[in-house]
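For reference, the structure discussed in these notes is given below.
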Ligand SMILES: O=C(CO)COP(=O)(O)O
C-alpha cells in the first residue's frame, strides 16, 4: 500500500476529478492524501477516502511537503496550473523541490499521472517498500 498525494490547482480540478474517477480502481488500494479543496472534490466525485490537509494557499502544500521530508509520501500527483500566478508559489516550489530531494515519483500533468498509475499496477514502485522498512527501523 502506497501513500499517494493528490493536489490540483483550481483550473485543473476538473482534470483531477476525471483522473480520480478513471483510476479509482487503482487509487482505492492505496492511502490517499490531498490538499483541502482537491480532497473534498475527489471524495465527493468518487467516494474515495482521502485524508485532507489544509487548502493549498493556507499551508496544505507544506503539510504534504512535511510528509515527503520524513520520506513518508510515496507518490505525488500534482495537477499544476502553469498559466495562473499562485499566491503560494513558494510553497508549490518547495513541494516540487522536496519531491526531487527524496526522489519521489511526481507527476505534474494528466499524461504523466497516467504513466505513474500504470507503473504502479505493474509493481514498479516496490522499491518504495524498502523505504517503508527503513522508516520503521528509525
Ligand atoms: O493550491 C493548491 C496546491 O498548490 C491546491 O489547494 P486546494 O486543493 O485546497 O485547492
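Each Cβ is built from the backbone N, Cα and C atoms, and glycine gets one as well.
Given the structure is predicted, the values throughout are model-derived calculations rather than measurements.
Per TrEMBL, the feature domain 'MGS-like' maps to 1-138. The substrate binding site annotation in TrEMBL covers 9, 13, 35, 36, 37, 38, 55, 56, 88. Sequence annotations record features per position, and here TrEMBL assigns active site, proton donor/acceptor to 61.
Each of the binding-site residues 35, 37, 55 was scored by the number of other CB atoms within 10 A of its CB, and the lowest score belongs to 55. Here the candidates are the binding-site residues 9, 37, 88. The one whose C-alpha lies nearest to that of the residue listed as 'active site, proton donor/acceptor' is 88. Summarised by DSSP class, the composition of the domain 'MGS-like' (1-138) is 77 helix, 20 strand, 41 coil. Farthest C-alpha pair in the substrate-binding residues 9, 13, 35, 36, 37, 38, 55, 56, 88: 17 Å apart. Within 8 A of the CB centroid of the substrate site residues 9, 13, 35, 36, 37, 38, 55, 56, 88, the other residues of that chain are 7, 8, 10, 34, 57, 60. Here the binding-site residues are 9, 88, and the one whose Cβ sees the fewest other Cβ atoms within 10 Å is 88.
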